[in-house]
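**Q** From Swiss-Prot, for reference:
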type     : residues                                       : note
BINDING  : 17, 18, 19, 20, 21, 22, 49, 120, 176, 344, 373 : NAD(+) binding site
BINDING  : 143, 344, 345                                  : substrate binding site
REGION   : 192-238                                        : region 'Disordered'
COMPBIAS : 200-215                                        : compositional bias 'Polar residues'
ACT_SITE : 278                                            : active site, proton acceptor
């Protein structure tokens, strides 16, 4: 996709993180920077947390002269163009530059793509604060939200507030191994261009995803607003006119591939919430599937869960959250379907019921010390709702928490969620 206008500078892109999903995103982005050299610098920096790796004997990169001697992961990626530890068997574009220095990797980059475990966000931001371009913009590929008794916060805003930049979010029914193998899938990118950027090349905005949109003028005060529509405390620096506009068209060209279709929306909160709440619903789907109730029961759980996801978003983020983000986008219903069909939360919940043990016991047996995202999110969301006296308004989310704590059984689910039939229809 060619951008007209003859801009003096191109956007440099850095991927912050190099795990399974981070390397997959780097592959996509590097393919597109190479295809859109009028907009982006071709080389893509990828920050790699340096570690020693040993190349397996059955790998095509195995060197008998080195044998089992450990090698630096960055060296291996740059030499063989493969992340042999986190994305083995997938050839990465040669314009990906693995960099062990976080500060050096982000230097002079106008687009930062974050893809790392959420518990490392604050440390990473502390390391690069004041060392990035002040007008840089970001995309968070970190699924989920942070929920505490105090409130719900978005990881994209953790990053944005920490670095004084604007950050959107990417989420969807995206299994990294399938995308890396170039099996077709969709994703949703939520990016609500700050008014000072949007005034250059306004991005159409609408109440729902899709191509038919209505342009709205940016606020006269050019004040950036957060995901709840409030004036943000973060003061942003406009993207200089020497660069192509960082709008929906630009990010679409950076992420869209023939095998990875991108839908652009403005609802950052909705996209982020979808990636978190679907894990709780997936546990419920696993419970009823493990009980042997079949596809009808699983479909009922998904329908009720989807309604509660929309309600949660509307109740705690207001009109910035759009129903269509949940009902029409990959970040909503598609990710929910994938998670309730074979995701890790679904599988562990199903096994717990089939074996007559707790989900916690399945975690200990099968996950090598890791924890399910669904269980922690279920506890956090329930605590948040209970602190506000709202747990009865979300019967499915509340039922999952009760089952996890042993206060209810799977057999109770139909009666626990029956009052959803009396609730108001989706707006």
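Placement of Cβ uses the backbone N, Cα and C atoms for every residue, glycine included.
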**Q** In whole Å, note down how far the CA of residue 278 (active site, proton acceptor) lies from the CA of residue 19 (NAD(+) binding site).
**A** 23
**Q** Minimum Cβ neighbour count within 10 Å among the recorded positions 143, 278: which residue?
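**A** 143, out of the recorded positions 143, 278, has the fewest neighbouring Cβ atoms within 10 Å.
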**Q** Please name the residue among the binding-site residues 21, 49 whose C-beta has the most neighbouring C-beta atoms within 10 angstroms.
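**A** Within the set of binding-site residues, the most crowded position is 21.
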**Q** Please report the Cα separation of residue 344 (substrate binding site) and residue 278 (active site, proton acceptor) in Å, rounded to an integer.
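**A** Answer for this pair: 12 Å between alpha carbons.
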**Q** Listing them in sequence order, which of the binding-site residues 49, 176, 373 have their Cα within 10 Å of that of residue 345 (substrate binding site)?
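**A** The binding-site residues passing the 10 Å Cα test are 373.
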**Q** Fill in the CA-CA distance, residue 176 (NAD(+) binding site) to residue 278 (active site, proton acceptor), as an integer in Å.
**A** 18
**Q** I'd like the Cβ neighbour count for residue 345 (substrate binding site), meaning other Cβ atoms within 10 Å of its Cβ, all protein chains included.
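**A** Looking across every protein chain shown, the total is 26.
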